[in-house]
Every structure is written in C-alpha cells, then in structure tokens.
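If you check TrEMBL, you get these features:
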TRANSMEM  A:38-59  transmembrane segment
TRANSMEM  A:66-84  transmembrane segment
TRANSMEM  A:90-112  transmembrane segment
TRANSMEM  A:119-137  transmembrane segment
TRANSMEM  A:157-179  transmembrane segment
TRANSMEM  A:213-235  transmembrane segment
TRANSMEM  A:247-278  transmembrane segment
TRANSMEM  A:290-310  transmembrane segment
Amino acid sequence: MNALLKSRESILVGAILALLVLIATRFAGFVAPANLAAVFNDTSPLIILALGQMVVILTRCIDLSVAANLALTGMVCAMLNVAYPDLPIIVILMLALALGAIMGTVNGLLVWKLDIPPIVVTLGTMTIYRGIIFLISDGKWVNAHEMSPAFTAFPRAALLGLPVLSWVAIAVIIVMAVVMARTTLGRSFYAVGGNPHAAVYTGINVGKAQFRAFVISGTLAGLAGYLWVARYAVAYVDIAGGFELDVVAACVIGGISIAGGIGTVGGAVLGALFLGVIKNALPVVDISPFWQLAISGAAIIIAVVFNARADHSKGRVILKSAEHAQ
Amino acid sequence: MKKLTGLMTTVAMATGLFANAAAAEDVRIALVVKALGIGFFEAAAKGAEEAAAELGDVEIIYTGPTDTTAEGQIEVINSLIAQNVDAIAVSANDTDALVPTLKKAMQRGITVISWDSGVAEDGRQAHLNPSSNALIGNMIVKLAADHLPDGGDVAVLSATTTSTNQNIWIEEMTKVLPNYPGINVVGTVYGDDLADKSYREAQGLMQSYPDLDAIIAPTSVGIVAAAQAVADAGKIGQVNVTGLGLPSEMAGAIESGASKSFAIWNPIDLGYSAAMIAYNLATDKATAEPGATIPMGRMGDLTLDETNSGAMADPFVYDSSNIEQFKSIF
C-alpha cells in the first residue's frame, strides 16, 4: 500500500515537472527560480486549505465551508484592523486561528452530535458564513488604504528570500506531516476513514475524530483568511468565491480518496502545487481565456480518472475453494 | 352642529387651497434614493441642492427608505403623492415594482423621472443614465492614453468572458482606438471579478509583456487587484493601472501611485442633472419624448433616445487632486 502511494506521489511530481517543461517551451521565464518561488507563494493559501481538507476527507467527510470561513475570518481581521490599527499582528493571527476553529467546531458538532451528512452541514454553514460577512460589513469593502501598513506587510515580508506567506505554508506542511504520521490523532483519522467499524472496535470514537478533523480544517481556513486579506489588501463579501472547489480538487488530484482513509500530506501539497502551476501558467502561456476553464477542468478529471483506477485495488481472495464454488 | 362642521370643512379647504397657492411659488422636486445614509446618494443630494440654488425657485426634498427595498420606496412615493410634490426623481430599487405607484403619481400630474438605477418605461417620463457605453469605452482608453503621450503598450483586464457590460465597453473602446495613435492594445485577459485571479492575470500580463505601460481594468474588483499586483511587483511608475473603480476602493492605489487616474460617475453631477431635468419637465420648459433635448445647466443637454432615456456625460476622472474629497463619499 505504501509503495503504491509513494509511486502515486512520484507520478504527480513527474506530472508537475512535465507541465513545467511544457510551459517553459512557451514562456521560458516561468521556470526561473524567482518565478517558481512566486508560484509557490501564490499557492500557499491553497496548500494550507488543502491540508485541512485532506484531514476531513480522510474521515469520509467533506468541508465545503472553508472558503466562506476564510472570507469571514478575513473580513473580521480587516475590520478589527480598521477599528484598532495598533493591534499587534500576533493578536490578529491568534484571533484568526481561534475564529476559524470556532467555525470548524460548529461544522464538527453538527456532524458529530446531530449526525447530519457533512456535505449538507457545510453547504449550509458555507452560506451562513457568507451571510454573516454581509451582515457585519453591510456589504461594504475594506480597502487597502484603510488597513494599517503592518497588517498588509506581514505576509509579504521577506525572510531568508521567501515571503512569510510561503513560510507559513511550509510550517503548516511540517506540522501536518508530523501530526498525520506520528500522533495517535493523525492515525485515528486514517482508521476512521479506512474502516469505521474496525475503528470503533479499537476504541476510536468516529464522530469525535470527524469533529476534530473539522476543527483542524476550520483553524487552517481561519489562518489562511488573515493571510489572504492581507495579501490582496482587500476584504469584501465574495473574496475566495468558489475557492472551496479548488481545495477539494487539489485533494482529489493529490490522491486523497473521496471514499476516505487514503491520502498523504505530500499528496495534498503536490495536488495543490499542480493546480497552482496551472493557475499561474495559464495567464502567461497565451491560451484563449475561453480554453482556460476547460483546461483546468480537464486536468481535474484526468486526475480523478487516474485515482479512481488506482483505487481499484483488487481484493485478496482468502477462500480459494469458495471462489470456485461460485 | 352640522353648520359648524360645514364651516370647518370650508375653512379647511380654504387653508388647503392657500397652502397649495403658496407651494406653487416653489417647484418641489423630490429626490428619492435607494436608501438614506449612503454616501453616493448624499453626494447626489448635494448636487441637487446646487441645482436648486442655481434655479432659485426650487425646493429639493431628499428622501428614501431606510433600507434598499422597493416596498420602502413605494411608501415614500405614496407619501410624496399625498404631499402633491411637483416632480419625483427616483433611483429605483426595482425596475418593475415601482411602476404602478409611479403611474399613479403621473396621473396626478406629477413629473416622474428615474436616474442612476432606472424604472421600466411605463413608470417614468424620462431616465437619466450616468453615462453611455460609447462614452465609457472612449474614456477607459483615454485614461491610459493621457499618461502615454508617446504611445505605448496597454492591456485590458476584464471581469468574466461573459460579462455583458465589460464586453460592450471593450468593444466600444476598440472602435475608438484609431483616434489614439501609438496606443497598442496587446491583449485582453479575464480576472473573473475574483481578487486572486485578477491579481494573477495582472502578474501574468507584466511577465508576458515586459514593456507594458498600462493596464485598463473596467471592473472595480479587477482594478484594485491589478493595482496591488503592480505595487507588489515594484512596477509603480512603470505600469499605470486605470479603468473604472470607486474612489473609496482606489484611494490606496492613487496614494501609492500604482494608479494615476481612473473614472466613474460623479454622484454630485448626477444629482444636479436629475434635479435640472425634473425642473425643466415639471415647469414645461422641456418635454420628454424620443429625440428631445432637455437642458441640464452646467452639464449641457440630455438627448433622449427612443426609450426616453439619455446619458449625462463622460465618466468623471478621479486622481490625486480630488480623491481625498470623494473617497469618503462612495
């Protein structure tokens, strides 16, 4: 199993490299190290959200409210910054994490305690969170000139050659890699998604594990919310509209099985990077905008087809005699 | 007792007549807005007051519901009918919902026009558009050309490929392009009115066309994102971002220099023109019919098309000289 996953990730790495070569033939500047760093930086929010989504999908759930969570947290951070321009960034960051966690908790509790299907819960909360943005902002924008310079400078401040936004994504990748591979919490997500009945027998509370997955996803969405708003220096109701679909797509491309239980941190990161490369390359390779959507969509479908085939692992026949008896 | 009641009625009628006679001295124009407390409309009311001061015998009643609903506006208009105002100039919350009420007003001899956000043809005598597609198309390329005396490469960052407004404006822009020699439109990209996609497309434009001189974004999301992308790329002064945007949203870009100027309607001019048109129609100095021209004071004349609507003027240009005044308005 592990070997299969490894190979899937190496295939994805190969696909990204092939994509880069293809792009380089049309626009050589794209593969310059500085530009690749910029692409990684641009993909950072997607990586952060995809890692949260990965955990949720592993437990056989889905979180469609991540983009709305991001937008609401971003709006709250921006409005707070306008009201209290002297608030230190660390406080805003903590608040973003907490707010995201609260929204994740709401999703998690509804799924865990009320046993509502996750797609219904998060479809509902997605609309609710967007609605709340409208209520608190009155539909108005928070603009660049209203935000304090420190607020917008944080994600772009350079540290060892990379912007802080990229470093945050790297930190999230490392933390998630450790959590998923080395902690009982991480292993419980795989257990719950892989075989919920078996998980119960080993003493894992399936609902509780799903709840925790939603909290993680929400927290990461909250973190991305502040970074997003600070990076684009604007907050309004529709920011990151439809971004939840990109996040799910990144996971699917990265080999996270929608059926749960299968997927790795590396896969989610590579899936996000694959989408990030396409998104950043399309504007420079001079392809008709009418084709761009079709190309993005085709990439996702090809990945899904590939994954569906890979998932189709043959069951092991344990009773040879019974097989012939049929 | 009966006699007394009769007497009182007569007195009341007389008073009413007297009141009407007094009111007749002033032309009372009601400026009905989508909702009270919105900077854009407060500015329009200021413009209407300016027109009133210029005309002399005009009283402006600035009113509207407290939230942007058609029901609220209907209530307001009903009370204006009861007050027997001379003209109603409305920026509608709904194209059709106001029509029956406004028809009633017209039956009572009240002049009804719509401005900014129009009502269906049945519900008004004339409609004032802030601008026209042709004027906007011309303005967006003019904004770029004004800062490129020797010509240069410009690119368009639009909303979605299917956005009707933007597509028409770009089409109109292409038509007048020969009037701006040296201005070379290198491409049109689509940011889908998403901040992140617009930002990436703007980045892509700067990479694909290293000699790019200006980005024209006729969409408020796109222009803000493009200005941010230019600022982040350190290309302020090299690439000028222009197009259509709101002063409150673009103040930062003007301040940083990423955008030298941009355009959108001027609410003060709009309120001024609406009041002028309402006055001229209410006092029979002009008639609302296809092809007619209605004077609008300092804003020139409004020419009505076959739907009795007309365009006020070129979009108003905002730059560092006036952004401070307007950024708190809308």
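Cβ atoms here come from the backbone N, Cα and C positions, even for glycine.
Automatic prediction, not curation, is the source of TrEMBL annotations.
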Close approaches to the transmembrane segment (A:119-137) from elsewhere in its chain (Cβ under 8 angstroms; 6 or more beyond its ends):
62-65, 67-69, 71-72, 75-76, 79, 103, 106-107, 110-111, 235-237, 244
Under 8 Å, at least 3 Cβ pairs, sequence separation 6 or more: does that hold for the transmembrane segment (A:90-112) versus the transmembrane segment (A:290-310)?
no
Would you say the transmembrane segment (A:213-235) and the transmembrane segment (A:66-84) are touching, if the rule is that at least three C-beta pairs must lie under 8 angstroms and be 6 or more residues apart?
yes
Residues from the same chain, set at least six apart from the ends of the transmembrane segment (A:38-59), whose C-beta lies under 8 A from its own:
66-67, 70, 118, 162-163, 165-166, 168-169, 172-173, 176, 180, 189-190, 192-193, 206, 209-210, 213-214, 216-221, 223-224, 227-228, 231, 243, 246-248, 250-251, 254, 256-258, 260-263, 265, 267-269, 271-273, 275-277, 279-280
In the same chain, residues at least 6 away from the ends of the transmembrane segment (A:247-278) whose Cβ sits under 8 Å of its Cβ atoms read 5, 8-9, 12-13, 15-16, 19-20, 23, 39-40, 42-43, 46-47, 49-51, 53-54, 57-62, 64, 66-67, 173, 176-177, 180-181, 190, 192-195, 295-296, 299-300, 303-304, 307, 310-311
